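**Student:** What follows is a single structure, and I will ask about it in a moment.
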Amino acid sequence: MPSTKRGWGAAISIFILVPILFKLIAWLPVPTLYSGLVQDLLVLLIFLLLNHFWFKISIQWWQSQSLVRQCLQLIPGIIILLLPMTSNFIKVCHLAWTPTLILYIGYALVIGITEEYIYRGMLLPLLRQCFPHRLMLAICIDSLLFGLTHLLINCSQLTLSYVIPQVFYAAAGGLIFCGLYLRTNNLVWPIFLHALSDVSVVVSLATHTHTAAKLSIPVAYAIGISVLYLVLFIIIAFIVRWQVRPQKRLLSR
């Protein structure tokens with residue numbers, strides 16, 4: 001019972017703290033070019049310290065057993081998240097490799113590290129404490145909270161018609177990252193996949209199409225995309241359930 005209470009309290013505090021930190025750090029006098037990178041780096045640093053001194057959650061960064069099998073676990077994520085981004089990867093390859101572009105690529109990597117450390121490395125084990133015999137419920141809640149955080153952080157900057165579909169897309173991606181982390185016991189893999197899936201962020205920043213006006217989409221279109229992503233979420237949930245089912249000890253506690 002004490003671990004369950006700690007799991008609920010810690011999980012809720014993480015969910016609340018993430019958007020608050022992003023909002024507060026956004027007020028720092030940082031040049032626009034570096035603002036996103038600085039926000040993620042500071043949030044990552046804060047959670048590294050919180051985990052070290054308070055949460056004390058064991059993070060499975062890397063283990064090299066059965067690397068071939070681990071690589072096979074990337075296949076669902078590659079098909080669902082990366083293949084639809086093929087055009088963006090081509091665009092990045094055709095962009096001039098300037099220091100600014102390298103900065104944007106580094107930013108995408110930092111996003112992956114920060115979000116995977118918090119949501120898969122910390123929040124997921126806490127939710128597993130709350131639901132010790134219902135792994136898929138813990139995975140789904142982790143993914144939905146991950147998506148909802150995108151809404152809380154971006155709702156004041158972007159139109160809801162753009163943000164709402166991203167909530168469902170992020171939640172669907174969260175399922176894939178959860179399954180990958182649990183199946184491989186390597187946080188490096190979801191970080192790697194997450195960073196690659198954010199190639200659209202790199203393209204948007206590099207081509208200056210990330211302004212609120214250019215990211216606004218019609219409401220009817222947003223509803224259609226949201227429904228599509230919701231269906232995708234359900235399909236991925238079944239895939240992840242199959243993916244993690246054979247594994248009995250998925251995360252050390």
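Note: Cβ is positioned from N, Cα and C throughout, glycine not excepted.
According to TrEMBL, the feature transmembrane segment maps to 7-28, 34-55, 67-90, 96-114, 135-153, 159-182, 187-207, 219-240. Annotation comment: TrEMBL describes 100-199 as domain 'CAAX prenyl protease 2/Lysostaphin resistance protein A-like'.
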**Student:** Could you tell me how many residues in the domain 'CAAX prenyl protease 2/Lysostaphin resistance protein A-like' (100-199) are helical, how many are strand and how many are coil under DSSP?
**Tutor:** 87 helix, 0 strand, 13 coil
**Student:** Near the transmembrane segment (187-207), which same-chain residues lie under 8 Å Cβ to Cβ, leaving out any that are not at least 6 residues past its ends?
**Tutor:** 59-62, 70, 73-74, 77-78, 81-82, 85, 88-89, 91-92, 95, 100-101, 104-105, 107-109, 111-113, 115-117, 120-121, 173, 176-178, 180-181
**Student:** How about the transmembrane segment (67-90) and the transmembrane segment (159-182): do they have 3 or more C-beta pairs under 8 A, pairs 6 or more apart in sequence?
**Tutor:** yes
**Student:** Take the transmembrane segment (159-182) and find every residue of the same chain, 6 or more past its ends, with a Cβ under 8 Å from one of its Cβ atoms.
**Tutor:** 60, 73-74, 76-77, 80-81, 116, 119-121, 124, 135, 139-140, 142-144, 146-151, 189-190, 193-194, 197, 212, 215-219, 221-222, 225-226, 229-230, 232-233, 236-237, 239-240, 243-244, 247, 250-251
**Student:** Give the nonlocal contacts of the transmembrane segment (7-28) in its own chain as ranges (CB under 8 Å, at least six residues past its ends).
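**Tutor:** Same-chain residues near the transmembrane segment (7-28) but 6 or more away: 35, 38-39, 42-43, 46-47, 55, 118, 122-123, 126-130, 145, 148-149, 152-153.
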**Student:** Do any residues of this chain, six or more beyond the ends of the transmembrane segment (34-55), have a C-beta under 8 angstroms from a C-beta of it, and if so which?
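**Tutor:** Cβ under 8 Å, 6 or more out: 10, 14, 18, 21-22, 25-26, 28, 103, 106-107, 110-111, 113-114, 117-118, 122, 126.
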**Student:** Looking at the domain 'CAAX prenyl protease 2/Lysostaphin resistance protein A-like' (100-199) alone, can you tell me the average pLDDT?
**Tutor:** 95
